[in-house]
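Engineer: Below is the structure I would like to discuss, written out as structure tokens.
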Amino acid sequence: MKKFTSVSDIENLQQIIKKALQIKENPLSETEKGKGKTIGLVFLNSSLRTRLSSQIAAQNLGLNVLTLNAAQEAWNLEFADGAVMDGNTVEHIKDAIEVLNQYCDIIAVRCFAGMKNKEDDVNESILSQFEKHAKVPVISLESATRHPLQSLADCITITENWNEERKPKVVLTWAPHIKPIAHAVGNSFTEWMQEMDVDFVITNPEGYDLDKNFTKDTTVIHNQEEAFKDADFIYVKNWSSFDDYAEMPEVKEDWMLTNEKLKNTNNAKVMHCLPVRRNLELSDEVMDGENSIIYQQAKNRIFSAQTVFSEILDEINSGK
Ligand code: CP
């Protein structure tokens, strides 16, 4: 694997999931693989799971880890090409990435959507700069449009929780929130489910359809109750409007996931990437109930990251 920013960087998803499950069985089986190499984890936005799981994964592989919480600890970055830097920005992103090239064998970056300019977000205005200027492999720790390490962890978790012959029905459901949230998790989960052997359905209120470049021919149902029928997995996530970018059109129905709604499913397992707003996106009873596999999902973030780092190290160590 030369880089990891979307599902298209993976040749064989089933093989990657199998490798991740082997790593989970024995996380310290490759402690020499990253010896003498350094991974830089650059966070332009907040994180709990991604930062800690990536650190554990890198340490399990013997990598040196540099973590930079850039928004709090680094110079104020300029992203615009050709900018006259006579304002608040102190260091251009090009220069920052070139310096990271001197220190790191792998650069991993978290760069959320700005949620102000649709074109900038759709075109990955920040991640694309890392891809352009980095001279070492780049890994996305969540970008404007995708969260691939989360999606791989989600695929691992679904695989662990499914042992029937038939395909599981997986439903991605929109949930309420108090502020505009980006589309990265919803887009990415959609993209990865399209590669999995599952029956996949998205349900969201009118006005909240995800970008059609991601949903493609996936069924989108605007009635949550109808979508939940016979579901084996329900993935809860909020996102703002894509068409009316970053707006929050009024929703009259109650979309919070409750135990009452789970009765309409095939005793569905409940997933969420976290952090979750309890009793807004889903109820306490769901979060703490026996159908929740949300903490298992969070644990699998380690093995998702470790699998990707291991694959990237294979490429580096082969000298290709
Ligand atoms: N799910 C996830 O990416 O969590 P963090 O934002 O805490 O990293």
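Here the Cβ of each residue, glycine as well, is placed from N, Cα and C on the backbone.
Keep in mind that what you see is a predicted model, and the values were worked out from it rather than measured.
OK, TrEMBL features for this one:
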| type | residues | note |
| --- | --- | --- |
| DOMAIN | 2-160 | domain 'Aspartate/ornithine carbamoyltransferase carbamoyl-P binding' |
| BINDING | Ser47, Leu48, Arg49, Thr50, Trp75, Arg110, His147, Pro148, Leu149, Gln150, Cys273, Leu274, Arg301 | carbamoyl phosphate binding site |
| BINDING | Glu142, His177, Lys237, Arg277 | N(2)-succinyl-L-ornithine binding site |
| DOMAIN | 185-309 | domain 'Aspartate/ornithine carbamoyltransferase Asp/Orn-binding' |
Engineer: Provide, as an integer number of angstrom, the distance between the C-alpha atoms of His177 (N(2)-succinyl-L-ornithine binding site) and Trp75 (carbamoyl phosphate binding site).
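Structural biologist: That separation, Cα to Cα, works out to 32 Å.
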Engineer: Within 10 Å of the Cβ of Leu149 (carbamoyl phosphate binding site), how many other Cβ atoms can you find? Include all protein chains, please.
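Structural biologist: The answer is 27 other Cβ atoms.
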Engineer: For Lys237 (N(2)-succinyl-L-ornithine binding site), write down the residues of its own chain that are at least 6 apart in sequence and whose Cβ falls under 8 Å from its Cβ; none is a fine answer.
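Structural biologist: Residues satisfying the criterion: Leu172, Thr173, Trp174, Ala175, Val185, Gly186, Phe189, His272, Cys273, Glu281.
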Engineer: Filtering Arg49, Lys237, Arg277 (binding-site residues) by proximity to ligand 1: which pass a Cβ cutoff of under 6 Å to any of its atoms?
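Structural biologist: Going through Arg49, Lys237, Arg277 in sequence order, those close to ligand 1 turn out to be Arg49.
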Engineer: Distance check, please: Cα of Arg277 (N(2)-succinyl-L-ornithine binding site) against Cα of Leu149 (carbamoyl phosphate binding site), rounded to an integer number of angstrom.
Structural biologist: 21
Engineer: Could you tell me which of these binding-site residues, Arg49, His147, Arg301, has the fewest other Cβ atoms within 10 Å of its Cβ?
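Structural biologist: Result for the binding-site residues Arg49, His147, Arg301: minimum number of other Cβ atoms within 10 Å at Arg49.
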Engineer: Report, in whole Å, the straight Cα-to-Cα distance of Glu142 (N(2)-succinyl-L-ornithine binding site) from Ser47 (carbamoyl phosphate binding site).
Structural biologist: 10
Engineer: According to DSSP, collapsed to three classes, what secondary structure does Cys273 (carbamoyl phosphate binding site) have?
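Structural biologist: Assignment for Cys273 (carbamoyl phosphate binding site) reads coil.
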Engineer: Taking DSSP as the reference, which of helix, strand or coil describes Lys237 (N(2)-succinyl-L-ornithine binding site)?
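Structural biologist: DSSP call for Lys237 (N(2)-succinyl-L-ornithine binding site): strand.
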Engineer: Name, in the order they occur in the sequence, the residues of the same chain whose CB lies under 8 A from the CB of Trp75 (carbamoyl phosphate binding site) and which sit 6 or more residues away.
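Structural biologist: Non-local contacts for Trp75 (carbamoyl phosphate binding site): Val90, Glu91, Ala96.
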Engineer: What does DSSP give as the helix, strand and coil breakdown of the domain 'Aspartate/ornithine carbamoyltransferase Asp/Orn-binding' (185-309)?
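Structural biologist: Summed over the domain 'Aspartate/ornithine carbamoyltransferase Asp/Orn-binding' (185-309), the classes give 42 helix, 20 strand, 63 coil.
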Engineer: Expressed to the nearest Å, what is the distance separating Leu149 (carbamoyl phosphate binding site) and Glu142 (N(2)-succinyl-L-ornithine binding site) at their Cα atoms?
Structural biologist: 8
Engineer: In the three-state scheme derived from DSSP, which category covers His177 (N(2)-succinyl-L-ornithine binding site)?
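Structural biologist: SS state of His177 (N(2)-succinyl-L-ornithine binding site) = coil.
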Engineer: Within its own chain, what residues at least 6 apart in sequence put their Cβ under 8 Å from the Cβ of Glu142 (N(2)-succinyl-L-ornithine binding site), listed in sequence order?
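Structural biologist: In sequence order, Asn45, Ser47, Thr50, Arg110, Cys111, Phe112, Leu149, Gln150, Ala184, Val185 meet the Cβ cut-off.
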